């Protein structure tokens with residue numbers, strides 16, 4: 001691992017799941033739709049899908065959950081299985097490299113099981129094509145042998161519900177997307193919703209969290225429950241070591257300053273991207289690959305981890321010619337925006 005990798009690999013404000021925190025995250029997961037905070041529209045729709053299937057005594061349509069990481073897609077998959085009283089089988093798109101990998105998993109399903117495929121947009125094409133038939137007709141054709149002597153053997157699959165999760169719904173092929181009977185897009189959380197998430201998590205973890213402190217952490221959590229819970233744990237560490245264990249607003253502010261999370265929830269990598277965009281490229285436009293090289297990161301990391309929040313926060317604008325720093329980005333970095341900065345003189349355009 002390089003020094004640079006050490007800097008960014010454990011970002012507290014990344015929506016990605018950090019190794020070693022899985023057990024804690026499991027304890028904080030809601031176990032029913034009633035416990036799930038936020039996403040009211042999605043919850044209502046899922047409730048109808050689940051109750052309708054239970055009333056008919058059948059399996060629900062296949063379900064696709066899309067949205068940025070850390071919003072609760074995996075939790076909802078677990079809840080769907082629990083609400084149906086079914087077993088949950090879990091895998092991921094990258095793990096299904098061959099059709100045989102998927103066939104083995106499908107053959108072990110029993111009726112009404114829920115199969116959860118995370119990052120389904122990354123499933124290999126042979127496995128995806130096998131999935132088409134399994135989703136529609138609950139059977140798969142397994143090819144035995146090679147060349148002219150190859151034989152296709154049909155295998156029945158127990159009726160099941162597929163729950164797919166993706167952070168890039170546009171990367172799904174049309175045939176796969178069309179086979180989902182219900183699609184839900186999950187939105188970023190409002191600060192008030194994140195305060196509820198933090199209050200619930202604090203209760204489970206036995207943390208004394210003041211209302212003002214919860215508001216402070218929620219405001220810097222980038223609209224993402226996973227980040228809110230992660231920051232809560234880091235602030236707890238600070239409170240136990242450098243304070244009396246009680247998390248007040250001042251303690252939360254001091255802790256978040258130590259972890260380089262600023263008032264808007266930006267961390268060092270976010271600020272590095274903005275700094276490169278403004279100082280090295282004069283505000284842009286600049287391509288994401290060039291921008292990634294400037295900060296020493298992979299283009300995918302900049303595009304999938306940093307950029308969504310920076311765009312949503314009104315700091316970066318995506319244009320046909322590349323990424324452009326808005327007037328708000330210049331101001332946030334303590335610089336005077338140039339006359340041509342995006343959004344300058346257009347109040348509310350990026351609010």
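Note that Cβ sites are derived from N, Cα and C of the backbone, with glycine treated the same way.
Feature list (source: Swiss-Prot):
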REGION    1-189  region 'Large ATPase domain (RuvB-L)'
BINDING   28, 29, 70, 73, 74, 75, 136, 137, 138, 179, 189, 226  ATP binding site
BINDING   74  Mg(2+) binding site
REGION    190-260  region 'Small ATPAse domain (RuvB-S)'
REGION    263-351  region 'Head domain (RuvB-H)'
BINDING   318, 323  DNA binding site
Report summary line: Residues near residue 318 (DNA binding site) by Cβ (under 8 Å) yet at least 6 apart in sequence within the same chain, in sequence order, are 307, 311, 324
Query - Spatial neighbours of residue 138 (ATP binding site) that are distant in sequence (at least 6 apart) but have CB under 8 A - result: 156, 157, 158, 159, 160
Report summary line: Simplified to three states, DSSP reports residue 189 (ATP binding site) as coil
Report task. Measure from the CA atom of residue 323 (DNA binding site) to the CA atom of residue 189 (ATP binding site) and give the result in Å, rounded to a whole number. Result -> 25
Report task. Express in Å, rounded to the nearest integer, the largest CA to CA distance found among the ATP-binding residues 28, 29, 70, 73, 74, 75, 136, 137, 138, 179, 189, 226 named in the record. Result -> 37
Requested in this report: Please classify the secondary structure at residue 136 (ATP binding site) using three-state DSSP.
Outcome: helix
**Report entry** Length of the line joining the Cα atoms of residue 28 (ATP binding site) and residue 323 (DNA binding site), in Å
**Finding:** 37
Requested in this report: Would you identify the secondary structure of residue 74 (ATP binding site) according to DSSP, in three states?
Outcome: helix
Query raised in the report: In whole Å, how far is residue 323 (DNA binding site) from residue 136 (ATP binding site) when you measure between their Cα atoms?
Result: 41
Report task. Reduce the DSSP letter at residue 323 (DNA binding site) to three states and note it down. Result -> strand
